[in-house]
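Q: I'd like to ask you about the structure that follows.
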Amino acid sequence: MSEPPRPTDSRPAKPPRPCPICRKMSLAPYHPFCSKRCADVDLSRWFAGVYAAPAAEQDDDETETPPRALDEGDR
Ligand SMILES: [Zn+2]
């Protein structure tokens, strides 16, 4: 058996990523954003998404299935 060479560790050091908000170059202190402002924008978007999401946790009783009693053998 001969294993083919796998290029696993050949990824370069973190490439600089543009700010996801305004596409400018990100700065280390605000990584991955370019500024605190963009970080705040993203954060508020995230929170908005969280609070805008419908409360799906109210269906909790339905996901919790009660353990079934084994009433076999009673026939
Ligand atoms: Zn930005």
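Including glycine, each Cβ sits where the backbone N, Cα and C put it.
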Q: So which range, 4-27, 52-75, gets flagged region 'Disordered' in TrEMBL?
A: 52-75
Q: For C22 (Zn(2+) binding site), what residues in its own chain, 6 or more apart in sequence, show a Cβ-Cβ distance under 8 Å?
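A: Correct list: C34, C38.
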Q: I need the neighbours of the Zn(2+) site defined by C19, C22, C34, C38. Which other residues of that chain put their C-beta within 8 angstroms of the C-beta centroid, in sequence order?
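A: Nearby residues not in the site list: P18, P20, I21, R23, K24, S26, Y30, F33, S35, R37.
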